[in-house]
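K.L.:
Taken from Swiss-Prot, the feature GTP 1 binding site applies to 34-41, 83-87, 149-152, supported by sequence analysis. The feature GTP 2 binding site is assigned by Swiss-Prot to 231-238, 278-282, 343-346, with sequence analysis given as support. The domain 'EngA-type G 1' annotation in Swiss-Prot covers 28-197. Residues annotated as domain 'EngA-type G 2' in Swiss-Prot: 225-401. As annotated by Swiss-Prot, domain 'KH-like' applies to 402-486, with the evidence given as sequence analysis. The feature region 'Disordered' is assigned by Swiss-Prot to 1-20.
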Amino acid sequence: MAKAVRKSNSEETVPIKAPRKAPGEKIPVVSIVGRQNVGKSTLFNSLLKKKLAITEDYPGVTRDVLSARVYQEEKDLDFYLCDTPGLDIENPDSLSQSILEAAYRQLNESDVIIFLLDKNLVTVADHTLLDYLRKKYGPVDKPIIYCVNKADKELDEFDLEEFYRMGLPEVLPISATGRKNLGLLLEKIKFFLSSKPGKVWIEKISASKKKDAQPLPLAEEDYEFRLAIVGKPNSGKSSLLNAVCGYERAVVSDVAGTTRDSVDTLLEFGNRKLLLTDTAGIRKHSKTAEALEYYSYQRTLKAIESSDLVIHLLDAKKGFGDFDKKITSLLQEKGKPFLIAVNKWDSIEDKTDKTFREYKEKLYSRFPLLNEVPIVTISATERLRVQKLIDLSFDLASRSRRKVSTSELNKNLKNWMSQAGRSFSAHQPPKMLYCTQVSTSPFHLILFVNHVEYFKSNLISFLKKKLTEAYDLQGIPVRLEFRSDRK
């Protein structure tokens, strides 16, 4: 049984009641590893002192591994944090050997590993542990966050050069005692935990439609992403839903959704699966157009929030209206990858080779942000290019998981800033010290800079455009967050 974390009265945290997970759903585990005296326990305690901890033991961990559950509903954080003993004991006795074995077992049970290094000293033991982690866990098998502790002062890339020479793809400088960059570390943990493929527990119903039909046992199904189709009323969402469901090889099951008025359908295309979120229709007929738009907006908001990827459906004959503009703004605000499907394209008369190009130009003039969003014309009723829409959705889902190493990001961003150098003020030159990726969807970077106010809107737009082109981020919101210090 794991040891509970002992707290002094001054640091006592009010216990928080954590929600129970669904049947078979495992709470992820994050373990801190490293040699002795690099500050693992200090980091463990510092993360818990942020008042995120529930005083609850992680079941199945031996008494030599400290653990506590970290839970914060507002930030969507829920995992077990484990502190392992130093893994560099030489010539261990029988007791030390059992401790080491327990620590290595803990690594196997972890979903994410924090490998902690000391900024002031790199030893042979560090290299030995690094080699072990590389051989044991590939980059796909188990994410590893490489943290350099005791970085109490501002760092630039030269201070991290020794660690990059070790072949580390990404280095996060932190201070466990000063709490520097601990918030960023939590964001990285969330980033790796949330980027895993989804799972859903479904209850398959037997073929009989009778009331006494018995449900089959719960089954776990994998899916690549959760898809929502949104658009203004009468844009053809129901027709597109029917068309999409008609293209799959098998509808595995309908699943109760995350909101009271939605149903999720697990669809299989070859060996690939997606979870399609369908919100129910408005139960009462709205007496006014304002009421219809209000209820449509609320349903749209729920669908977007519960999805990983969104198809924004437009009516080819009605163009891009104010309600569509609201949806696009909402997608940007929520950071959801999306693509545009222009429905009822078959109803456009006298089409020429220029028709689609002219339509896009009008669209971009109404909302310039759509310039970097994939657009496809379809007819849901005729099933025109619906298969292409499905293929584009899988492609966008794949691209929305793109992770870029810190070293590559730093190199490219500094090069792009040099290209745009003539637009800088000579008296207020912007300088980037360090940047790192904290999420994939949206593609969110945190940049540590000399002065936030030196980064003007034209430079920010230029950097976003370069990132979109370099990493194929069309349809994926790009967020650049600037910080003048590392606290």
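Heads up, the Cβ atoms here are built off N, Cα and C, so glycines get one too.
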K.L.:
Determine, to the nearest whole angstrom, how far the Cα atom of Asn37 (GTP 1 binding site) is from the Cα atom of Gly231 (GTP 2 binding site).
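P.N.:
On Cα coordinates alone, these residues lie 56 Å apart.
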K.L.:
Looking only at Leu87, Ala151, which of these binding-site residues has the biggest number of Cβ atoms within 10 Å around its Cβ?
P.N.:
Ala151
K.L.:
Pop the mean pLDDT for the domain 'EngA-type G 1' (28-197) in here, whole number is fine.
P.N.:
78
K.L.:
What does DSSP say about Asn37 (GTP 1 binding site): helix, strand or coil?
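P.N.:
The three-state answer is coil.
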K.L.:
Which ones in the same chain are close to Gly231 (GTP 2 binding site), with CB under 8 Å and 6+ residues apart in sequence?
P.N.:
Lys237, His312, Leu313, Leu314, Asp315, Asp324, Ile327, Asn343
K.L.:
Within 10 angstroms of the C-beta of Trp345 (GTP 2 binding site), what count of other C-beta atoms is obtained when all protein chains are considered?
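P.N.:
For Trp345 (GTP 2 binding site), the count of other Cβ atoms within 10 Å is 22.
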K.L.:
Rounded to the nearest Å, what's the C-alpha distance separating Ala151 (GTP 1 binding site) and Trp345 (GTP 2 binding site)? Just drop the number here, would you?
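P.N.:
Checking the Cα atoms of Ala151 (GTP 1 binding site) and Trp345 (GTP 2 binding site) gives a distance of 58 Å.
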K.L.:
Have a look around Lys40 (GTP 1 binding site) and count the other CB atoms within 10 A of its CB, chains all included.
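P.N.:
Around the Cβ of Lys40 (GTP 1 binding site), 24 other Cβ atoms lie within 10 Å.
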K.L.:
Counting Cβ atoms within 10 Å across all protein chains shown, which of the binding-site residues Asn37, Thr84, Asn234 comes out on top?
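P.N.:
Most Cβ neighbours within 10 Å: Thr84.
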K.L.:
Validating a neighbour-count step here. Other CB atoms within 10 A of the CB of Gly34 (GTP 1 binding site): how many?
P.N.:
25
K.L.:
Between Lys40 (GTP 1 binding site) and Asn234 (GTP 2 binding site), what C-alpha distance do you get in Å?
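P.N.:
For Lys40 (GTP 1 binding site) versus Asn234 (GTP 2 binding site), the Cα atoms are 57 Å apart.
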